[in-house]
Every structure is written in structure tokens, then in C-alpha cells.
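One structure below.
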């Protein structure tokens, strides 16, 4: 159950005062353990104070350099240590990447994310220059641009910022305690150090994790605690449902997808602890029913990845998401559109203008 203090804070405090960076692990655990129907209601109430609940950003993720990674992340298809059938490729040509970005924008995506499978950028000067050029070109399309390129130093972060990068993704993956069971080639503190370098360069941070790695609920709480107690909350927190990859240690050990209720608890808890953050329903969404996805939006998720692929795993198609949005009265979020609440100053719900109302569905 919610403690009286937390319940009173949600009901009585101004929206601004709900933003905290001093959450204790015990507080987050109590929030997580709240009966789910009450937890989602309270998360939705906070969500409406900071965001338009009908707005969901569509993002597209492209692997611009696939496979051959030297890291040993035990869930990853792109690690060279496991026999997953993924072939290593070179960096995509600039024109090929830009064509993918144009398609994504035409389909409704307003954030274009690019991932490269390697540990860090050290010794990749020519490749880094090509990536900087890609960032400049995609940004000129009036899209948000995010990349995930492994660990980086402060100077590299500044160069990315100068090129027009919106945000950098560097996930924590799981709790500090469970982390060593998943990865041994990079420490938790190295991940936090990269995030610190991003902040110093003035970049927005995208950092979240993967649920269903075999972790326990206290590990999900631990992940949220690590994110919610950062000096500045990540502007973006992606939650991934594990997609088991045959040939990886985790993929061979985990036979079933994590049930939806702990995933919803994690989204709702993160929404309460980080009310201004964009929470992204990332990998594994294709394994969820439409109703399960809608519950995630009610719990506080307000961004999805859509398109052809999630790096090496299946994504939900643009056409499927178009139907999903229609059925549930959702709208795509524009680039750089954040924090548009539909509540009045007193917390009352305000109907949107008529032109923004979705057509009445047939069912």
C-alpha cells in the first residue's frame, strides 16, 4: 500500500513539487507493491499533471552497424561471443541511413534513433565523423535524433551535441545488484560515468532497462531507484520486455516472456517517481496484445518504437500502430513536444478541442 505521506503528496502537492530526486528504495518498493489497479490509477493521475495522456511519440530505431560486439551482454544477439546467427556488418552508408529516416518521418515517427554494436568510440575517428554527418542531416529534417554508441568521453559527447544530437541512449539494463549476472565486460559505474559525460555536454539522457532477464521484483525497484535518484532524471526512460535470443545465455535460460503485470508495475512506478520523463515502451511490444499496450499507456508510457525492426528484434509496424492509435483515441507526439497536460491548474480534466477528438470507433 501507499504510505500516507506519499498518498497525501500525490493528492495535495503542486505538480512541480512531485519531482523528487531523493526517493528511498523503501518508498519505491512500497509504491511498486501497491495493488495494481490503484497503482495504475495513481500513476495515470500524475501522468495527466505533466503530459497529455492521448499523446504518444512514435520513434524509429535503426541499427547502423550490426553485430561483432566484443561485450558479453548475456541477452544480446549482437555479441560476438554467442552463436546467434547475426552477421557483423560495417557502418551503413550515409545515404542509406537518410533514406530510412525519410521513410520513418513520412510514416509518422518524430524521433529517429540509431544504434551501433561496439563497446565505445575509441579508435573510430573516421566512423565517428560519418556519424556526426548523419546526425546533422537527420536533424535538418526536423526530427529528434538519438544515438546509442556505447561508452564515450566528455569531448565525444560535446561533438555529438554540436552536431545537433537531441539525446544519447545508455541503458543501465537492470539493478546494480543483478548487473554482474548479466554483464562482466562493463561495470555499472562505467555506465553511470558515460551518463555523467552526457550531462556535462548538455545532452538529454535516455536510460532505462530490460525486464524479464531473470531478475526479481527488488531488482526492478533497484533499477528505478538508480534512475529516479540521479541529480537530473533522464528525459527518456525506455523499458524493454526481454525478447529471448536463442544462442545467448539469457535467451536459452528464459523460456517465457515476463508477465504483463510486473511490466505495468514498473512503468507506473517509474511514472510516479519521474513524472516529467518520457517513458518509452521499447522492445517486446510486438508480443503484447492491444489491450496490454493500452494498459501500459494508462500506466504512464507515452512513447513507442515503431517500424521495421528494433535493432535485431521485431517491431510493431506503422500500420498496426496507426490502427492502435485510432482504436484508443491516441495521437502522435510532435518532435520536441513535451509536458502538455490536459488538466487545469486545479487538477480538473479539460476536454481537447473538437478537431483533436478521434472519430468514434465502430466497436
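Using the three backbone atoms N, Cα and C, a Cβ is placed for every residue, glycine included.
Together with 113, 146, 280, the [2Fe-2S] cluster site in Swiss-Prot holds one more listed residue from 69, 206, which is 206. Between the listed residues 14, 45, 116, 226, Swiss-Prot assigns phosphoserine to 14, with no corresponding entry for the rest in that record. When 17, 184, 335 are looked up in Swiss-Prot, the one carrying the note phosphoserine is 17; the rest have no such note there, which does not rule it out for them. Listed in chain order, the residues near the [2Fe-2S] cluster site other than 113, 146, 206, 280 are 59, 61, 111, 148, 167, 169, 236, 238, each with its Cβ within 8 Å of the site Cβ centroid. Within 8 A of the CB centroid of the [4Fe-4S] cluster site residues 69, 73, 76, the other residues of that chain are 71, 72, 75, 77, 78, 79, 117. Neighbour count (other Cβ atoms within 10 Å of the Cβ, all protein chains): 28 for residue 206 ([2Fe-2S] cluster binding site). Between the C-alpha atoms of residue 69 ([4Fe-4S] cluster binding site) and residue 146 ([2Fe-2S] cluster binding site), the distance comes to 20 Å. Comparing the binding-site residues 69, 73, 76, 113, 146 by how many other C-beta atoms lie within 10 angstroms of each C-beta, the top residue is 113.
Residue 280 ([2Fe-2S] cluster binding site) sits 20 Å from residue 76 ([4Fe-4S] cluster binding site), taking the CA atoms of both as reference points.
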